[in-house]
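> Got a structure here, written out as structure tokens. Questions coming.
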Amino acid sequence: MDGETAEEQGGPVPPPVAPGGPGLGGAPGGRREPKKYAVTDDYQLSKQVLGLGVNGKVLECFHRRTGQKCALKLLYDSPKARQEVDHHWQASGGPHIVCILDVYENMHHGKRCLLIIMECMEGGELFSRIQERGDQAFTEREAAEIMRDIGTAIQFLHSHNIAHRDVKPENLLYTSKEKDAVLKLTDFGFAKETTQNALQTPCYTPYYVAPEVLGPEKYDKSCDMWSLGVIMYILLCGFPPFYSNTGQAISPGMKRRIRLGQYGFPNPEWSEVSEDAKQLIRLLLKTDPTERLTITQFMNHPWINQSMVVPQTPLHTARVLQEDKDHWDEVKEEMTSALATMRVDYDQVKIKDLKTSNNRLLNKRRKKQAGSSSASQGCNNQ
């Protein structure tokens, strides 16, 4: 493409359809060579930004021959960029993983870059979809089915010795707006092979970061299991188990609560949630990574492998996400900015029971509820 990217061209650009998908799920070996000719020969690029990945922005594009809408991610060539492409290519074609359709190696402003063409996930983010349901109830059974799908993606990665290391809501996208849309995991910017004990780099998203990432301990696939616990927690109530009380992306207090496993299951949001679900969260959020469930154990847990018989209890999730929409967006922005600024804190991890947790969003909700209650009872409650 020699200097031209989606940032500079008008018109849409989707990736070409690759039968079966490359990588571990498609061609044996999982690695393919990037195409060296201009991406614009095959795709029409658009200025429409679809999202921001760890290492680069994602733009809309269209396959010239088929008209298929795709997503293009531009990475300036570096060992880190090559690693991201390698890991995503290896995983592409796996269940519930965004598929790579093509990769190009082009020059842009005199610099070599890699352009990843992926299937376009037009259904948006996981929690946005739940948030948009309005009065339609989101049930515990639906949460279990979603967790089973995410677990299926992680199981595929872990079975091929890849740790994703950045499993978070923004990286879980739906293929379309339709009811039968498929949820898929994307953005392999922090993914690493786990065969060489290499997972020691402090790059992560604070609200979904495992305790050992915040200290000197090595961490591996169990990081992804911790993230599954946090996502499952949010699915079942609408807010995260850990919060920064200072407004910073991650505060010393929040680090401490993550390290000590300080979270709770407060009412009314958790009053009707099954004990099976709470037990599974406890097993995922263990502060000692050696005690945390493996992905195989997670997939074999009754709440996951018998998700069709999980109670269809209506949850508070959709309402909470909608009511706290502004705060949720702010939290996501904080997480993004924190990726570049967080540093490892070498305090020792200690496990401690918690009687009460100080969750900023939850306290705000409780205060609001107390105000409504006191107004109806005619008493003034601070």
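Residue positions begin at 1 at the first shown residue.
Glycine is no exception: its Cβ is also placed from the backbone N, Cα and C atoms.
Among the features that Swiss-Prot reports, active site, proton acceptor is placed at ASP166. Annotated compositional bias 'Gly residues' per Swiss-Prot: 20-29, in sequence order. The compositional bias 'Polar residues' feature in Swiss-Prot is assigned to 370-382. Annotation source Swiss-Prot lists domain 'Protein kinase' at 44-304. The feature region 'Autoinhibitory helix' is assigned by Swiss-Prot to 307-343. Annotation comment: Swiss-Prot describes 335-344 as motif 'Nuclear export signal (NES)', evidence class similarity to another entry. Residues or ranges marked as motif 'Bipartite nuclear localization signal 1' in Swiss-Prot: 350-353. Residues annotated as motif 'Bipartite nuclear localization signal 2' in Swiss-Prot: 364-368.
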> For the domain 'Protein kinase' (44-304), provide the mean pLDDT of the predicted model.
86
> When DSSP is mapped onto helix/strand/coil, what comes out for the residue listed as 'active site, proton acceptor'?
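SS state of the residue listed as 'active site, proton acceptor' = coil.
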> Taking DSSP states H, G and I as helix and E and B as strand, how many residues of the motif 'Bipartite nuclear localization signal 2' (364-368) are helix, strand and coil?
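So the motif 'Bipartite nuclear localization signal 2' (364-368) is made up of 5 helix, 0 strand, 0 coil.
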> With every protein chain in view, what's the tally of Cβ atoms within 10 Å of the Cβ of ASP166 (active site, proton acceptor), excluding that atom itself?
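Taking every protein chain into account, the count is 25.
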